[in-house]
Amino acid sequence: MQAHQQSSRKRYQESYRQSIDHPETFWKEQAARIPWFTFPDTILAWDEQQHARWFVDGEMNICHAALDHHVDEGRGEQTALLWDSPVSGQKRRMSYREMRDATAVFAGALRNLGVEKGDRVVIYMPMVPEALIAMYACARLGAVHSVVFGGFAAHELAVRIDDASPKVVIAASCGIEVDKIIPYKPIVDAALTQSTHQPDACVILQRDACLAELSDGDHEWHSLAADAEPAACVSVKATDPLYVLYTSGTTGKPKGVVRDHGGYAVALAYSMEAVYDMAPGEVFFSASDVGWVVGHSYIVYAPLLRGCTTVVYEGKPVRTPDAGAFWRLIEEYRVKAFFTAPTAFRAIKKEDPEGTHLAQYDISCLKNLFLAGERLDPPTYHWLNKLLERPVIDHWWQTETGWPIAANMMGIDPVPTKAGSATFPVPGYDVRILDPDGEEAGPNIQGSVVIRQPMPPGCLTTIWQNPERFHKAYMATFPGFYLTGDGGYFDKEGYLFVMGRTDDVINVAGHRLSTGEMEEVLGAHPAVAECAVIGIRDALKGQVPVGLVIPKDGFDGDTLALENELKQQVREKIGGIAGLQEVLVVSRLPKTRSGKILRKLLRTIADGEEYAVPSTIDDPGSLQDVHDSMRERALGQAEQARQR
Ligand code: COA
Ligand code: AMP
């Protein structure tokens, strides 16, 4: 256990109890953290399916709260955003006033294209300031943005365009990876060829690294903005949708997580102080991407709601140019709190295990390091503790919640941390562990991690266009509780350990991916009869996907060629981030008698762990086949990776 400060936990416990026993009083107090056009009278209401709705009669606008309000309060000249892009060799600073003005003008430009309150806008952009400006501009108009991560391929973009039916698509001409430029415009064009829905217009931000060819219906960002009048913030209801962010579920179709304006703004403003211990004027650096929830919450919205400076980094933890990149940024921008995924530090540790790069920088400004996106594995936790000699905070959350469910509350009452634990539930979240019968599990017993209703403000309000899926996926399994999809346990001291997904979602380098989606790609190949995709352990990325396929009877092609073709198809359809580590052609897959593929067993075999042959298995001989294939190929690779 790491004790960086003695604590009685009293302040945390008081706060936590109040949030659970008197949620309305607690959240009414927190609501005063943000500016409202109309302060809510009703703090908590319930919809017909008994889902919580926060601040239902409040009116505000998150763009106003994060930008205009600060300018009006005298923070106009303070730096709002620091952009640092080693991949393009550029840097930029924007004050609150500049951000507000650029956002107001771009909102005017979107309005000229017909975008109004409630319309959707899809944003497909890399880590450039304009991505934030586009998001805030949508919020300003009351339009609903849906940002798609730049690493997703055309097909994934098309699926999201069809689901969100945007009036406008905004993209950059390219993204820049470590050693390659990725032209985005051809990806957008390909997506629009595949999608049924067609937007009225596309807006393209031209980047010097690769200019896009524009066609009819395309507008260049700056020319469009040059003709626009600034637009004022539209007053929206607290419960009006701010964005739809797609995340992987257990089926091939991603879930459009819907977030509202008011509850989200209140929760983020609260978390900046209570979880992250940030005060106005301080610098927050979250090394994620605007395409992920961490980017939405802690690059774009939360730091500015709190009057802080946000660092927008277009680069990698390593290779841009080296494993000292994060330390350089922390020193250069005087970062107080830094947030990234454990996988990023595993990449740094691999290249610089002794921390020689760190020794070249003065990072005395850094008070706390926060990690999330996957469980902070104990070896990385210990390595970071030793290297940094300051609090290393693992905290747990998901796209659906939008802000941390469990954390060490650095702004209220820091407590000693434990390796492998995300510490305690954050005020607002009544976290329980249930066994399969819905009974509460005792200390140290693993079960489903659930959250008792009401979920606090800021959490998803529904699945876009699919309230039934929302209810079924999250609320129906244990009535009265939200199902997180994670398994875990509390220890005797109340520390929460979140151990991994209980469904078919995997976590690759901090990216959440659906094995079901990859299986759809493999299964669509004419030579494939059956398939399974599993996530196996990987020393750098946490997990990597491996596919197992049974060819159709009569298949007499080259197996190696088929394996490579399938790998390529997954990259093409989903994107590079979903690259299958290995595809193995096998003759049988282990199944239960009812025909369900025993994926957990496959994972256990692939990870090289001991396994027992389950009594429900239909064809025990299939295990030997799979075992031998994996030993020969995937396991060998995984073992090499583990030793890297
Ligand atoms: N646009 C286009 N392509 C992208 C992309 C983007 N924004 N991000 C990743 N890709 C591509 C990469 O170019 C790579 O393609 P390749 O296989 O053809 O070379 C592929 O997707 C895999 O990329 P990545 O997952 O980044 O692997 P990597 O080996 O290049 O880097 C890490 C490994 C650990 C350094 C990297 O994954 C990382 O920084 N992870 C942190 C993730 C994170 O912050 N997640 C947020 C959750 S909090
Ligand atoms: P995402 O929605 O992409 O943020 O992924 C959420 C999932 O990542 C969670 O359901 C967990 O499985 C995993 N996760 C994120 N942070 C943590 C953490 N600190 N500890 C354990 N698992 C985590």
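A Cβ is built for glycine as well, from the same backbone N, Cα and C atoms used for every other residue.
Annotated features in TrEMBL:
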- 12-66: domain 'Acetyl-coenzyme A synthetase N-terminal' (DOMAIN)
- 73-454: domain 'AMP-dependent synthetase/ligase' (DOMAIN)
- 517-596: domain 'AMP-binding enzyme C-terminal' (DOMAIN)
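The residues of the domain 'Acetyl-coenzyme A synthetase N-terminal' (12-66), classed with DSSP into helix (H, G, I), strand (E, B) and coil, number 24 helix, 9 strand, 22 coil.
Taken residue by residue, the domain 'AMP-binding enzyme C-terminal' (517-596) breaks down under DSSP into 25 helix, 27 strand, 28 coil. Taken together, the residues of the domain 'AMP-dependent synthetase/ligase' (73-454) have an average pLDDT of 97.
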